[in-house]
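Feature list (source: TrEMBL):
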- 29-49: transmembrane segment (TRANSMEM)
- 61-82: transmembrane segment (TRANSMEM)
- 110-133: transmembrane segment (TRANSMEM)
- 139-161: transmembrane segment (TRANSMEM)
- 168-192: transmembrane segment (TRANSMEM)
- 226-247: transmembrane segment (TRANSMEM)
- 253-276: region 'Disordered' (REGION)
- 265-276: compositional bias 'Low complexity' (COMPBIAS)
- 305-328: transmembrane segment (TRANSMEM)
- 334-356: transmembrane segment (TRANSMEM)
- 377-400: transmembrane segment (TRANSMEM)
- 406-427: transmembrane segment (TRANSMEM)
- 434-452: transmembrane segment (TRANSMEM)
- 479-500: transmembrane segment (TRANSMEM)
Amino acid sequence: MEAIMSDVRLQESLPGHLRAELIRLKGSAALWFSLIGLLVGGLSILLSGGARAAGFESAVFSWQVMYFTGMAAPLMMVLAAIQESRDRKADMAGLLWRGAHARNAQAARLFGAGLAACLFQVFSYGSIILVAGSPVQESLVAMAYSILGAWGYIALGALVAREMGMAGALFVGVLWQILGGIFAESQIWWLIPAAWPIRILLEPTGVNFNGTPIEPTNPVLDDPPLLGALLCLLFAVAMSALVIRTAQPYKTSGRTKRTQPSKRTQTPAAQHTAATQSFASLSTESTAGTHRRAQHPFPLGAVNLALRGSGIWILTALAAAIIIFTSITYDPELVSQIMTFTLFPVGVGLLPVLSWRIYQTGHALLHVHNRAATHVYVFYHALVITVLVAILALCLVLRGMPLTDVAIRAILWLLVGIALALLALTLTVRFGPAAALGALIVWTIVGLTLGGDALSETFLWMVAVPSWPEIGIAPHRRVLALILAVILAAAASAAALHALRASRRSS
């Protein structure tokens with residue numbers, strides 16, 4: 001009895017929670033997520049070197065600005081959401097019945113997310129110091145400021161994710177980043193918390209918000225030393241205190257409470273049971289002694305039934321409405337740019353996250369009934385993209401865009417969309433939805449930054465894969481863009497099928 005009480009007191013103490021968090025952090029999704037920092041640092045080095053090779057004046061930090069002005073808030077809030085989602089799904093990893101304290105558990109989750117965020121910044125800025133030879137002092141100051149800003153993002157992201165989930169954290173992160181970008185160089189920046197983590201990084205990196213070298217007369221250089229850092233620290237402490245103060249233990253998932261769900265509150269497992277039964281009746285032989293091969297070699301209807309409740313077609317209808325509305329309102333060239341730089345890269349990244357959330361529980365069983373199910377599931381993503389591309393192409397033709405230009409754009413939208421969607425599917429199956437969301441943020445910002453920059457006229461256009469339907473349609477680029485898009489789509493398809501096979505074997 002004394003040993004049990006000692007164990008309970010250990011779990012109630014903050015050090016006990018921190019030790020448990022360190023154990024759970026090993027090999028976790030949050031720790032893997034921090035490796036995106038290497039990708040960010042590598043992109044900064046690649047783009048800076050490429051810009052100089054093309055005859056442009058460019059420093060490494062000219063491209064690191066992509067991170068802290070366009071990616072930092074959504075990435076760090078998704079990182080915080082990973083921690084919240086982990087404990088929600090795992091019923092607090094069994095700590096509830098061992099006397100876990102809700103506030104200490106929340107503090108430990110913030111601690112774990114903070115460690116992963118620190119690793120992210122070390123990977124990002126450290127790679128620049130080691131490979132590109134950037135000034136060590138300025139790089140270390142920028143890294144410290146990025147860690148400080150990330151602390152505030154994580155605390156806010158944890159608060160949002162606790163109530164709205166990972167999708168809510170991503171949405172708020174994007175809005176927070178946009179708000180910060182609007183006011184980062186304004187005179188009232190000190191009134192806008194979203195602008196503080198961006199403002200403090202402009203001086204040590206030596207660049208403006210748009211990535212150009214900072215001028216000696218820029219008001220940023222006249223800011224009182226450490227004012228922005230102090231504001232970021234106060235915001236991070238205040239948000240952390242609020243998150244910890246309002247912490248509540250996550251309700252158990254109901255594994256110990258056997259109740260019969262009603263039809264309206266049917267669980268995903270029950271939905272998949274019904275879908276699988278329908279699948280079996282649609283696609284398999286029921287006669288004894290017959291071959292196991294299904295009657296329907298291409299069971300698209302059954303896969304669609306299994307994905308019922310994912311919200312894919314609702315969001316597809318919403319995207320179609322946006323396409324039609326913008327086509328009526330704006331010039332076709334502007335419509336094409338809006339779709340290429342915003343709706344297109346975001347939509348294809350979210351598609352597999354939504355589908356796998358529903359499909360994963362019945363994936364292995366559906367494959368048993370029909371071996372074509374896995375291939376049809378991959379094809380399903382291509383089908384959704386094809387529908388939207390067809391609607392967009394029709395709208396552009398009706399608005400007067402030349403048919404040849406529309407055809408080339410449509411082919412690139414389709415091929416690049418399939419490649420990105422299946423890459424996101426591979427990441428989702430292998431590492432979870434957070435990996436796909438992180439990749440979505442990175443490729444959207446890279447495509448938007450390079451696609452609208454003078455560097456899109458150089459060989460660096462090939463890096464901005466999501467923007468190929470806009471910057472790869474020039475006569476001297478069309479053939480190369482189409483060949484590369486076909487290769488990427490084929491490689492992504494093979495990777496997605498391999499990931500699905502591995503997931504099926506381990507289930």
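The chain as shown is numbered from 1 upward.
Positions of Cβ are set from backbone N, Cα and C atoms, glycine also.
Only residues 6 or more beyond the boundaries of the transmembrane segment (479-500), in the same chain, are considered here, and those with a CB under 8 A from a CB of the stretch are 363, 374-375, 377-378, 411-412, 415-416, 418-423, 425-426, 429-430, 462, 465, 468, 472-473. Of the two recorded stretches, the transmembrane segment (61-82) lies close to the transmembrane segment (168-192), with three or more CB pairs under 8 Å once pairs fewer than 6 apart in sequence are set aside. The list of residues near the transmembrane segment (168-192) in space but at least 6 beyond its ends in sequence, with Cβ under 8 angstroms from a Cβ of it, reads 69-78, 80-81, 153, 156-157, 160-161, 198-199, 202, 208-209, 219-220, 227-228, 231, 437, 441. Sequence-distant contacts of the transmembrane segment (406-427), counting only residues of its own chain at least 6 positions beyond either end whose CB sits under 8 Å from a CB of the stretch, comprise 336, 339-340, 344-345, 348-349, 351-353, 355-356, 378, 381-382, 385-386, 389-390, 392-393, 396-397, 435-436, 439-440, 443, 465-466, 468-470, 472-473, 478, 481-482, 485-486, 488-489, 491-493, 495-496, 498-499.
The stretch in 110-133, 226-247, 334-356, 377-400 that contributes the largest number of Cβ pairs under 8 Å to the transmembrane segment (434-452) is 334-356.
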